[in-house]
């Protein structure tokens with residue numbers, strides 16, 4: 001294992017060479033882009049790199065006079081000759097994945113799935129760019145160390161920073177996990193404003209430096225409205241590229257239907273979560289199927305479907321906290337993987353998946369200009385299309401109207417962050433987000 005420290009005079013070409021395995025820690029924020037307090041000038045940029053198992057390793061050499069070196073950690077002070085690296089010809093072109101909230105519990109599960117090849121495949125090298133805060137920077141360095149110690153051959157580069165403009169540079173995927181949790185006594189309107197400011201800033205950064213076709217998955221709550229804020233602040237990126245994560249809700253719904261029907265959950269298909277990622281979300285049992293049959297033909301207890309099933313899915317996160325003592329992290333990371341793979345692998349014939357997307361032009365009569373979870377299919381090219389062959393009854397329409405009204409009210413609450421005027425906050429009900437205390 002080798003780690004390298006570079007001083008700030010290194011060229012950009014050195015830092016981004018495709019043949020270099022590097023962990024880059026940029027700890028000096030750009031003041032005009034980042035609202036966080038600046039770090040001390042004594043902190044220096046650092047790089048570390050993982051040596052492939054078949055790589056010839058040259059003796060370690062010092063990069064500068066030891067007396068003039070700043071404090072550094074172990075092998076961060078050393079550099080190795082990596083020119084002997086042998087390229088793997090079957091590998092695809094490297095892709096860049098940015099992750100915010102990278103020192104958190106969800107990321108702690110997710111990053112290792114990404115680095116292992118589980119998500120994008122065994123021949124897809126990746127660069128991870130990890131965004132933290134000034135407070136979490138030390139923990140972020142620990143995350144980078146663990147990634148390095150894991151010797152993932154597909155992981156070619158890791159960048160850590162507190163500046164979104166650095167982390168989102170050339171990003172092809174942006175997984176926005178970081179958000180402030182709802183504290184005791186905090187009104188939902190306050191949470192919308194606090195986190196909305198974070199996602200407005202990140203939207204601007206994506207707009208400025210990310211790939212023009214970057215795919216963005218918003219996980220931080222309230223994820224639907226945070227995704228709307230983000231896309232409104234990124235006009236150069238197609239609105240269709242922004243997603244709010246509702247895949248965990250879909251997975252939970254499939255699990256509950258499978259339990260009730262006495263089958264394994266791979267028999268459940270065509271499951272849609274409609275609307276907001278809150279307790280107004282609508283798990284759709286009308287269009288879902290179990291072993292190819294409509295759910296209502298398999299589960300005859302329709303009262304259970306309308307009452308107990310729906311409530312179980314809506315409140316599953318809170319129930320987990322009561323048992324576990326903390327909100328879901330591992331299952332959330334699994335659902336992020338599922339959400340990504342649904343976009344890069346063709347959807348099985350006749351099936352679909354749920355994701356929160358921009359509603360403008362939707363075929364369901366749902367209000368436009370919000371982010372609403374709907375059924376989608378993909379050809380595996382990172383894009384998607386809305387499913388048109390779904391049916392509605394009065395019960396489903398009534399539930400959709402409630403979650404739609406909530407999202408429209410949230411949109412008014414953040415008008416000052418989307419460039420649509422003065423915020424007017426009159427939420428129809430203080431619904432708890434799944435997983436909140």
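Just so you know, glycine gets a Cβ as well, placed from its N, Cα and C.
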Q: Going by Swiss-Prot, 101, 102, 103, 104, 105, 106, 107, 219, 220, 221 bind NADP(+); tell me which of 123, 195, 241, 251 is listed for that site too.
A: 195
Q | Candidate with the highest Cβ count within 10 Å, taken from the binding-site residues 182, 252 | A | 252
Q | residue 221 (substrate binding site) and residue 202 (NAD(+) binding site), distance between Cα atoms, whole Å | A | 14
Q. Can you tell which of the binding-site residues (202, 221) has the fewest other C-beta atoms within 10 angstroms of its C-beta?
A. 221
Q | Least Cβ-crowded entry, counting other Cβ within 10 Å, from the recorded positions listed as 188, 277 | A | 188
